[in-house]
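Features of the protein shown, as given by TrEMBL:
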- A:6-26: transmembrane segment (TRANSMEM)
- A:38-57: transmembrane segment (TRANSMEM)
- A:63-81: transmembrane segment (TRANSMEM)
- A:93-111: transmembrane segment (TRANSMEM)
- A:158-176: transmembrane segment (TRANSMEM)
- A:196-215: transmembrane segment (TRANSMEM)
- A:221-238: transmembrane segment (TRANSMEM)
- A:245-266: transmembrane segment (TRANSMEM)
- A:278-297: transmembrane segment (TRANSMEM)
């Protein structure tokens, strides 16, 4: 399996899945600590209407319109949630519930209304992506990794998620201190002059960007799972935020790789003939990891 | 007083511009409202440099709100605050704030040393590495509050008093000129209370200004130089001798304190 | 055409769907209110997503037993069991680990849903000839709804509604003050579990028609909408039922008028439209009313503070205060107080002095605790008390500044 076939068929989806998982897990650490874990849930539901609107406006399925549409929808959702929460004096959970279900319904309705049969755009795809189809046709083996011609035909999703991952890492690294301080003690951070509101918004935008980039390749289920499960499991492993981040990255990688392998080969080992959904399997594995840490991790209970 | 023009507690007589320029913290006409219910109304406060001032008043009087508004943590409906005569935004480095202990999640995955180092965050900026001298400084501040031995402890494992000391150490690390503390003695053990007051008095000896929200009337005279009595409105402001009087306490607490209690407090002071 | 639909003149099937959706809406709206009042709305999101693996497993089991995998009661039983498992996972994670409920909800909903997708892909490959069509549970479908389906909705909805109404007292009590409820002999954990059981029942009943993603909307949106109109918990429940039923009925009717109008999304969007209208125009809590009130309040505060400053001969620092004083004609552009301003300032100052006197009086001091700076003294003191205070402070004084 470690030959030309692997490089062409498995390497790109493995990398895409892993990068997507890490890009979501990183901001997820802060979302979980800030009791905003479900922002990830809300964002991933509103990506669908964003993409549909972008398609209706531009008339095609392009990378940029899609990314912009989804990011715009995420921003609108976050703004709406804040607005409903503040103006309507409604708790955050209910405000999220109102916003994302309504926007999701709008997306489904638009999708049904418009003629999208010619393009690859449907609800199933939005929910669980199609990781398995992201193959690298030109690859002839490991040496293709050094061949510019072959590299040019890498799935565009890989480039996209790589760039996003780099941006997410840069964001977290650059704003590490203010993020940490304002997550722990918002009042102190504000007194120090940290623009806590803007920082919180920037975190959500970063999470949304990760969600949007990951979404196209792997669907929204992985996105929610990766926002929450690796960071939550990591929290139970350690009492230090720095260590928690590394654990979350490790768990994200493990979920992506193990999930992909189990989805592709698991059924064969069990005597089946077809693979199962890789996205679903990755989410399932992340849940297994969380279950294991919840049962056995050293710091599973509050001290 | 009754025969003259109706007078209210004002700082009349003091040259306003002068006190504003000198005072470490000057609040003018500050009103903060949650919904349509003012938490504090038209508050004027002028902190005396190099002195310790207690903000006292009954529960729900707006003591914490006043501090938060002064720091720009909550947005006032009207009014403004200056720090050493200038708007707050340019003076952040000169202020240290110790929030209420209960306002943060102590289950946060971090250590005592990390919290103390947060006091250096303005100096460290976004990316400057933490050097040995930073750690030494943070450790020295922890030592001042008797927490140096706990530097590597997870903050969730600390007792309430220890948590409060760590908060104070973080503020000490900031090396500020004005210290604003929100209920530093709430729910702490006697040893911690003593340790904190020793440090605060050291700060005063170094010429720094301390303003603390305080709830224990019995220790006001012992700990503080000045008091600021508040019950949504300003009731009185001045030295302990002149402002911490039975009449003012009665006015601030509206009969919630028994007269005997007040006498005891004020007499105990003399 | 819409009129026909609303009047149930669109034929047998459309009528069935409209009545079924309305009954589902009423039950979901009323039940969801208890979750909302308990500030746990999004638990319903975990419950609904957690139904998916159960649907798939039930299908597999029924096929393995040689039956038709699509038998609805079997699928619904499976979905209920796996929703229960999901709910237990959320509860266990929050109780036995340090994780907060939001993280537990998110973890459970994504993992169960992911596992459900895995099982669905297994089913797709198992028997290509027998397309299970289980995907309709994601987004719901009313196409080919049978009389028995409508009956299930109506009976199921009515049962849940009846139970919810029966249990409304303990559920409201727990939502309002769990600590008190516990001491008053209402078990919080048992009541919470009953609430969740009702939500689960609604989810299972509604799965077929609006799908597992949008059933959450029917549980949350009507409750939030109703909250804008009333402060009494019982009325919120009733109104939420009304809004939910309305959304279900009108949504289903609209969707019957054209083929490309899927029922689930339309119902949700009608519910959302009701929400937006309520958010904007509800008296009291609505944004417009509250915004206008707040702006008026802000002006009153500034004006009052400005008048106090004028009365005390202090400069007016705030730009907004000055502008208001100018506009009211209390101050001239050259910063000289007008005659009218003098009179008003004297009145404000007198009220301030009155409050001070009240605070200093032994007998009236407790009343002064109601003063927040903007409180009208005549609303707190009786006329006699006010007269007594005025006697003590003397008549109004002219502001001389």
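Glycine too: its Cβ is placed from the backbone N, Cα and C atoms.
Predicted, not measured: the structure shown is a model, and the values here were computed from it.
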State the residues, same chain only, that lie 6 or more residues beyond the ends of the transmembrane segment (A:158-176) and have a CB under 8 A from a CB inside it; answer 'none' if no residue qualifies. 12, 15-16, 19-20, 22-23, 26-27, 63, 67, 134, 199, 202, 206, 209-210, 213-214, 216-217, 245
Report, as numbers and ranges, every residue of the chain located at least six residues beyond the transmembrane segment (A:196-215) whose Cβ falls under 8 Å of a Cβ in that stretch; write 'none' if there are none. 20-21, 23-24, 26-28, 30-31, 34, 36, 39-40, 43-44, 47, 50, 66-67, 70-71, 74-75, 78, 126, 129, 160-161, 163-165, 167-168, 171-172, 175, 178-179, 182, 186, 189-190, 222-223, 226-227
Non-local residues, at least 6 beyond the ends, that sit with Cβ under 8 Å of the transmembrane segment (A:38-57): 24, 28, 31, 65-66, 68-74, 76-78, 81, 93, 96, 99-101, 103-104, 106-108, 110-111, 114, 116, 119, 121, 123, 126, 204, 207-208, 211-212, 215, 220-221, 223-224, 227-228
With the cut-off at Cβ under 8 Å and a gap of six or more residues from its ends, the chain residues touching the transmembrane segment (A:221-238) are 17, 20-21, 24-25, 27-29, 31-33, 37, 40-41, 43-44, 47, 127-129, 207, 210-211, 214-215, 244-252, 255, 279-280, 282-283, 286-287, 289-290, 292-294, 297-300
